[in-house]
Amino acid sequence: MTATRILVLNSGSSSVKYQLLDMATHERLAVGLVERIGEETSRLKHTPLAGGGEAREQNRRIADHAGALKAVADELAADGLGLDSPELAAIGHRVVHGGLKFTEPTIVDDAVLAEIERLIPVAPLHNPANLTGIRTAMELRPDLPQVAVFDTAFHTTMPESAARYAIDVATADAHRVRRYGFHGTSHAYVSRKTAELLGKDPSEVNLIVLHLGNGASASAVRGGECVDTSMGLTPLEGLVMGTRSGDVDPAVIFHLMRVGKMSPDEIDILLNQKSGLIGLCGDNDMREIRRRIDEGDESARLAFDIYIHRLKKYIGAYYAVLGRVDAIAFTAGVGENAAPVREAAVAGLEELGLAVDGELNSVRSDEARIVSPEYARVAVAVVPTDEELEIAQQTYALVGDAGDRNA
Ligand SMILES: Nc1ncnc2c1ncn2[C@@H]1O[C@H](COP(=O)(O)OP(=O)(O)O)[C@@H](O)[C@H]1O
Ligand SMILES: CC(=O)OP(=O)(O)O
Ligand SMILES: [Mg+2]
């Protein structure tokens, strides 16, 4: 039997998203999500797509990522899609921080595990979860290749002028302080899909990609290569996010230490988990914020305005970096679903060739689409991301031939 299936694990700080795909038939066999890991009641939602099974939900405490992965393995086994299947070719893992070492999908061995571990201080919310995912998967299937696909990989083409901070070079180099960028798998996938939507080859187009999920980042992509991105040493820099501040004057930190008597750890938690939309108005979900704005809530309005102001600044900055822009692509939970965010982000930018068509923009759809009017010089596109598919494809390309070992 030829092994053509790939299981993809996207382990976040408190969630695991997963998909089982068959790369020969291009079929998605199962998808699911474990949320609120470590909280009183966690939720596992599993949807078997092969054979049209019904979605199943568990609401019980799942203490950690290892427990989450074992619960996922049990759900898959209940559908006859267990991890013991000889059809499984590999397990692909999203790993958020790959530093400078990893520019390509990589088969995990002890040295790779050690490097991902070494990078924990610069991705404290993400790399530990990614590591647990890999280690648990290794325990369940020690014979299978485990492939790490790094968020940072797509951004390694950034020129030094964009990747370096203007700080003392010796200090920066000693501590590997530079801009790495994240969400790269999504920026890469969406760049290709946007070029496709425009009927062009990726090498011909200049794009601004706006990945607006709970974490959010912008990137400037010239001819298929990233030339700048908004996240930096860690996924904290740049846009206003669900719970992260994005850009602040770095002196805010010394001020909070000296005058506010806060510790570095307290400030880390403040900026990563208690800031952004949730810090500004108490909600990090854009749906809830829009609902409150409709009811006349002032703090929700201000949070929205701060979010949009920052987004607009990055659109302008990347327009200048690129010189010519063919399209702006909105993606991820907010970018794909929140029409008011897209409308507000380009409002008043007609001089830059940017506008949305009210009617096109308000249509809900899972398809990639253009929402700017025909006359606009720059296309505004909504392009659903699919990090799991991209990880599966990269994983399969790397191990593909090994899949024939049982033939
Ligand atoms: N229908 C919607 N309208 C507006 N915002 C939405 C909608 N659906 C999801 N979102 C936003 O998308 C966010 C989640 O995005 P997602 O890309 O799934 O994030 P992550 O992968 O970081 O968990 C939610 O927090 C919410 O703000
Ligand atoms: C890197 C990052 O911010 O990821 P996420 O949006 O999944 O938190
Ligand atoms: Mg995401």
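Keep in mind that glycine also has a Cβ here, set from the backbone N, Cα and C atoms.
For N10, E387, the entry in TrEMBL reads Mg(2+) binding site. There are 23 other CB atoms within 10 A of the CB of N10 (Mg(2+) binding site), with all protein chains counted.
Feature annotation from TrEMBL assigns ATP binding site to K17, H211, L212, G213, N214, G215, D285, M286, R287, G333, V334, G335, E336, N337. In this structure, D285 (ATP binding site) belongs to neither helix nor strand by DSSP; it is coil.
What TrEMBL lists as substrate binding site is R94. Neighbour count (other Cβ atoms within 10 Å of the Cβ, all protein chains): 24 for R94 (substrate binding site).
A C-beta separation below 8 Å, combined with a sequence spacing of at least six in one chain, links D151 (active site, proton donor/acceptor) to R94, V95, V96, H97, G98, G181, F182, H183, G184, T185. According to TrEMBL, the active site, proton donor/acceptor annotation covers D151.
Annotation comment: TrEMBL describes H183 (among others) as site 'Transition state stabilizer'. Secondary structure at H183 (site 'Transition state stabilizer'), taken from DSSP and collapsed to helix, strand or coil, is coil.
The site 'Transition state stabilizer' feature in TrEMBL is assigned to R244 (among others). Sequence-distant neighbours of R244 (site 'Transition state stabilizer'): residues of the same chain at least 6 apart with a C-beta under 8 Å from its C-beta are G215, P235, L236, L271, N272, Q273, S275, G276.
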TODO: Write down the Cα-Cα distance for N10 (Mg(2+) binding site) and R287 (ATP binding site), rounded and given in Å.
DONE: 24
Open item on the list: Please report the Cα separation of E387 (Mg(2+) binding site) and E336 (ATP binding site) in Å, rounded to an integer.
Closed with: 14
TODO: Could you tally the C-beta atoms, other than its own, that fall within 10 angstroms of the C-beta of R287 (ATP binding site)?
DONE: 12
Open item on the list: Helix, strand or coil by DSSP: which one applies to R244 (site 'Transition state stabilizer')?
Closed with: coil
Open item on the list: With the ATP site defined by the record as K17, H211, L212, G213, N214, G215, D285, M286, R287, G333, V334, G335, E336, N337, how many Å span the farthest pair of C-alpha atoms?
Closed with: 21
Open item on the list: Can you tell me how many other Cβ atoms are located within 10 Å of the Cβ belonging to E387 (Mg(2+) binding site)?
Closed with: 24
Task: Cβ neighbour count (within 10 Å, all chains shown) around E336 (ATP binding site) - done: 19
